[in-house]
Amino acid sequence: MKTTARYLSKKKILLKTILTSKVKSTIDRYKKCRFWLTKGLLRVANNWRDTAPSARGRTSTAGIEGMFLGLDENRDFLVKRLNAGQDLYPNCDTSIWLRNCTRDIPTPVQGVIKGKIPEWLSGSLLRNGPGSTHVGSYEFKHIFDSSALLHRFAFKNGTVSYQCRFLESNTYKKNKAAQRIVITEFGTRACPDPCNTIFHRFSNVFKWGDNQSDNAMISIYPIGDEYFAFTEYPIMIKIDPTTLETLTTIDIGCLTGIVHHTAHPHVAADGAVFNLATVPKIDGPHYCVVKFPRVDSETGYRYSTDEMFGRMCIVATIKCRWPLHPGYMHSFGMTEHYFVVVEQPLSISLSTAVVNRFKGDPLSSALKWFQDCPTLIHLISRTDGKTVKTFKSDAFFYLHIINQYEEDDHIVIDICCYRDPSMIDCMFVEALQNLNKNPDYAAMFRSRPLRFMLPINCDNPTSGDVENDHLYVSPEKLCDLGCETPRINEFNIGKKYRFFYAISSDVDAENPGTLIKVDTYNKTCKTWCEQNVYPSEPIFVSLPDAEDEDDGVVLSSIIWGGSECENQAGVIVLDAKSWTEIGRAVFVTQSPVPKCLHGWYAAAV
């Protein structure tokens, strides 16, 4: 027995040595790949820098950087204020993101109405976003990691009710059962598991579905007759829009090999749903447009939601420009004839992602920003799925495309742009807590809505910078306010439009809690704000007999800053045309209500 035990012990040590050696060699190979890829990207960056508009005699104010000149407060002045013990951004209360809901409200509660709620408004404003930054005594490091909390504001006959429930994803249930963070999130490492050996970690590197978060806390969209919570992993969680109950999880990654999709699909007029996904192939990752058809083109038969998933197909594809660095995508564009893919130079380093998965580190450290490389804007034909033309612009970071449409042989695309992806770092919990100690915070979060004009039939342009058939395009500014979570009249998506609605992203503004209406024709804007009130994404609801684009109301959930108002939620109704408040409903809750992200207005639900 002793001899056998000694033999098995030696075999175990030998096996461990072999596996450890293989893991080390694998990591070394990934590091070498990353080194040579970086060298190649530097060559690309140098070529771009040499041919960029600023190197060809353009003024220094051209391009993206020129859109931000003069917007940031003098840093030396901010440092002096900091050294004097003053708050740098006294009007901005970031604690609204850090509140922790401790109790669901499954049964709707009635609100106190102020003003008047239109009686024709009949439906539910569904919202999604962070619900709690804590699991037991453990804390998430990034707002994007917080446990998803669903909200419902139900409108009927001039009254409004409110309820909220946590999205009971597998991640949420595992965390709750263990009372600790058991799955690594975007910016948070899971708590160490003593049972998770080096062998488990090595095998899990190649099991992309195992121990992957399904915390769908970003948005809500309809597919067929059902509603789903979305995240950027290829997972959708079906919810009941009336009770907010979590129903089933659809893992489309297992069905198609998708490893990532945007949190903002497009719902076409016929009910078909399109989304942009990243799919690994033999020759490298590709961006693929995935379609969930709603109507049979031959018979006119309307598919059920389950049938839509069953008929899911790829209708367009384009290869990522960097084989080991696919771009980070949060949204995409779609017009009558084209898909619009904006490939920013923020990428996901696949080698770092693999190493992080082995080590249990979060994905956030695998994001790589190449400031000296251009942003590419690809037009893909909706007819045959092939790339029609690619344009380039200065490097910029974006999350949300406002709208896009075709006009006079051009594609017009409006985007909420940042100079770089620093705003992602601004959403770390520690950064939010130390807002008033960071003189760079406002500049890091600075965005502006910019318009890009893309000439479709410009084969031999007489002006502009052309290299490798990529025409350089420089944007124009739509307004001089920071805008985020933009929404428009849904009937105008992919069509020429005039108005969009957004919330302020300027943390150093006199009132950071501002709702904005932008007139893209006149480049003017209207604002609504109230002291200590923080609105979320504004959603337009059209009048039943609307004639103008802005005939309707804008709904926005609101919360109040300060600890004395944290157990309170509300919803505001603005007249979209005059941009004045019609009414609001206010609710007292049993636990704090944090600020939410995105949502959907479900008519007659």
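Glycine residues also receive a Cβ, built from the backbone N, Cα and C atoms like all the rest.
Residues or ranges marked as Fe cation binding site in TrEMBL: His264, His330, His400, His598.
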- Item | Residues that sit under 8 angstroms from His598 (Fe cation binding site) by C-beta distance, when 6+ apart in the chain | Arg127, Asn128, Gly129, Ile218, Ser219, Ile220, Ala263, His264, Thr485, Glu537
- Take the Cβ of His330 (Fe cation binding site) and count every other Cβ within 10 Å, whichever protein chain it belongs to. 18
- Note on the structure: His400 (Fe cation binding site), Cβ-centred 10 Å count of other Cβ atoms over all protein chains shown, is 22
- Query: Which are the residues of the chain, His264, His330, His400, His598 excluded, whose CB is within 8 A of where the CB atoms of the Fe cation site average out, their centroid?
  - Reply: Ile218, Ser219, Thr262, Ala263, Ser331, Leu399, Thr485
- Task: Determine the Cβ neighbour count for His264 (Fe cation binding site): the number of other Cβ atoms within 10 Å of its Cβ.
- Result: 20
